[in-house]
Amino acid sequence: MEGGHPPASKTEFTECWRTTWKTPYIMRLALSAGIGGLLFGYDTGVISGALLYIREDFHDVDKKTWLQETIVSMAVAGAIIGAAIGGWMNDALGRKKSILAADFVFFIGAIVMAVAPAPWVIIIGRILVGFGVGMASMTSPLYISEASPARIRGALVSTNGFLITGGQFLSYLINLAFTKAPGTWRWMLGVAGVPALVQFVLMLSLPESPRWLYRENKADEARAILEKIYPAEEVEREMQALHESVQAEKEGAAAGEGVLARLKGAFSNPVVRRGLYAGITVQVAQQFVGINTVMYYSPTIVQFAGFASNQTALALSLVTSGLNVVGTVISMCFIDRYGRRRLMIISMIGIITCLVVLSGVFFQAASHAPRISNLESTYFGGNSTCSAYVSDPNPGSWNCMTCLKAECGFCANKVNFAPGACLAYNDNIRSSCRGEHRVWYTKGCPSKVGFFAVILLGLYIIVYAPGMGTVPWIVNSEIYPLRYRGTCGGMAAVANWSANLIVSETFLTLTHALGSAGTFLLFAGFSVIGLIAIYMLVPETKGMQFEEVEKLLQKGFRPKPFASKSKQVGKNVELC
C-alpha cells in the first residue's frame, strides 16, 4: 500500500510551475486525475481509526483478531484484483472510462460500509473499495503521464504521489473529526465516497488520453487535445512521437507478443531476470519491514503502548502520518544526490534499529505492567471479576498483561500505575469502570515508557519514507529494458500487493501469539534479510541511461567487495 512514483528534479518543478501558470488546463488534468491517489491514501489510513469504533459496536470483531485482520486486508485483496482488471480496462476502454469506473465502484463500496448492519457487509464494502483503489492506483498516474508535456511529466506524476500521502493525512483528520459524532466509524468510512464523487464529476468534462485515442485511430481527437497541452510549434513533433510509439507497440503485438510470450521472454532473458531479482526484492522488502502494520493499525499500536483512549490514539497516529509526508519530501530532495541503493541501505539500517529498540520498549512495558489487586477486582462485584483470574491457583502472579491475554479487561487504579482490577470483558462492566472515572484497557497496559514507543514509531516513519518508502518504485521504473518495462513492473507491483496482504492479514494474530515485542522483533529479522538481499542484488542506477543499466545487468551485478575479489581472481588466473 505504501508507494509512489519517480520524483522530479527541482528544475522540473520550476518548469512545471511556469508551464501550468501559462496553461492552467494541464494542472486541471493532473489534479483531477490525481484524486485517484487521494482515494488510495485515504483508504489506507481511514480504516486504522474506524477499526477502533467498529470493535466497540460489534462484539465479535472485538473478540476475534482474524475478523479485524480480514476487515483491514480485504481492501488489499480487492486492490490486487482491481489492478489486474484495470490493466485490461485501460487498453480496452481507455484511461478516462477506467477512472470513472474506479470512482463508481469506490463510491458504492463507501456507501455499503457506511450503512453496514454486520461485519460481513463491511468486508464486502472493503473489497469493493479495494477494487476501486487498485484500478485508480495504476490508471491515475498513467493518465497524468500521457496527458502531460514530456518536460514536466515527472513533476505532474509526483502530484499523484503527494496526494497519496496527503490522503493518508486527511483520513486521520477526518477520523479525529468524527470521534464524538453519532455513528463515528460509519461517517469515517462513508466520507470516502465524497472525493470519488468529485473526481467522477470532474473527469466527465476532461478528455481521454491522447495516446490511447491515437492507438484507436482517432488521430484528430488526439491532435485536438495535444493542441491544448503543447505550444503550436511542438504539436507536430508530439504527434510524430505518438505515431512511432504506437507503431512499435502494434508491431510487437503483430509478432505475437502476448502476455504469456512476454512472461516467457522475461524469464529467459538474463538481463530482465536480474532486473526482476532486484525489482521484486525491493518491493517485497518494502512490505516486510512492517510499514503497513503502522499505516493500517497505527492507533491500535498506540493502544498497545498504553494509550487506551481512542481519541488520544488517533491524535498520536496523526503525527506518524504527517511524518510520512515529510519523509516523502526529504526523498525528493536527496534521491538524485545520494542515489537509490545508498538511500535504501541507510533506510533499512535505520528501520532495523527502530524495530529492535521498539521491541525492547514493548518488552519493558509488558514486564512492568501494573499488578492485579484482588480487592480492586472484587470492588465491582463478584460476578464482574474475570473468571480466569478467579479460578487461577496463583492469582498473585497476575499483572495487566496476564489479564488481557485471558481475554479480560483491565480497569486501571485511580492512582497511576498502582494495582488495578481484572474484570470480565463486556459492555456493562466497561461502562461501570469508566463510570468510576477510571481507564479501561483491552489492547495494552498503562506504561511509563509508552510515549517513548510513539516517538520510536515516528522515527521509524522518518527513516522509512525517504528510502524504502519511495525508492523501490523508482528502481522498478528504471531497471527493466523498455520492451519488458510494463510486464516486469506489473509483476513487481503484484509482489508488493501480495506481501502487503500477507502482512496486514497476520499482524494482529502475530501480536496475539508473540506479543508486541516479539512481533516487531520478527519484522526486524525480516528487515535484516531484506537488507542483505538489497546489498547483494540491487545495483545503483542513479544518473544512468536505460542502456547503461541494461549493460550493467548484462555483466551481472556484484557488490564492491565481491566485485574486487572476482577481479583479483581474474588477475591471478592471467598470471598463472
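Glycine too: its Cβ is placed from the backbone N, Cα and C atoms.
Unlike curated entries, TrEMBL annotations are predicted automatically.
Features of the protein shown, as given by TrEMBL:
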DOMAIN    29-542  domain 'Major facilitator superfamily (MFS) profile'
TRANSMEM  29-54  transmembrane segment
TRANSMEM  66-86  transmembrane segment
TRANSMEM  98-116  transmembrane segment
TRANSMEM  122-144  transmembrane segment
TRANSMEM  156-178  transmembrane segment
TRANSMEM  184-206  transmembrane segment
TRANSMEM  276-298  transmembrane segment
TRANSMEM  313-335  transmembrane segment
TRANSMEM  342-366  transmembrane segment
TRANSMEM  449-475  transmembrane segment
TRANSMEM  487-508  transmembrane segment
TRANSMEM  520-538  transmembrane segment
Is the transmembrane segment (342-366) packed against any residues at least 6 beyond its ends, judged by a Cβ distance under 8 Å, and which are they?
282, 285, 289-290, 304-306, 331, 334-335, 401, 444-445, 447, 449-450, 452-453, 456-457, 459-460, 463-464, 466-469, 471-472, 515-518, 520-521, 523-524, 527-528, 530-531, 534-535, 538, 540
Hey, would you say the transmembrane segment (487-508) packs against the transmembrane segment (276-298), going by three or more CB pairs under 8 A that are 6+ residues apart?
yes
Same-chain residue ranges lying at least 6 outside the transmembrane segment (276-298) that approach it to Cβ under 8 Å:
1-3, 44-45, 47-48, 51, 72, 168, 266-267, 317, 320-321, 324, 344, 348, 351, 355, 457, 460-461, 464, 468-469, 471-472, 475-476, 479-480, 488-489, 491-493, 495-496, 499-500, 502-504, 507-508, 520, 523, 526-527, 529-531, 533-534, 537-539, 557
Contact set, same chain, for the transmembrane segment (184-206): CB under 8 Å, 6 or more residues outside the stretch:
28-29, 32-33, 35-36, 38-39, 42-43, 46-47, 49-54, 57, 96, 99-100, 103-104, 106-107, 110-111, 113-116, 122, 125, 129, 132, 167, 171, 174-175, 178
Winner by Cβ pairs under 8 Å against the transmembrane segment (122-144), considering only 66-86, 98-116, 449-475:
66-86
When you scan the chain for residues with a C-beta under 8 Å from the transmembrane segment (449-475), skipping those not six or more beyond its ends, what do you find?
2-7, 161, 278-279, 282-283, 285-286, 289, 291, 294, 298, 301-302, 304-307, 316, 319-320, 323-324, 326-328, 330-331, 334-335, 340, 343-348, 350-351, 353-355, 357-358, 361-362, 364-365, 496, 538, 541
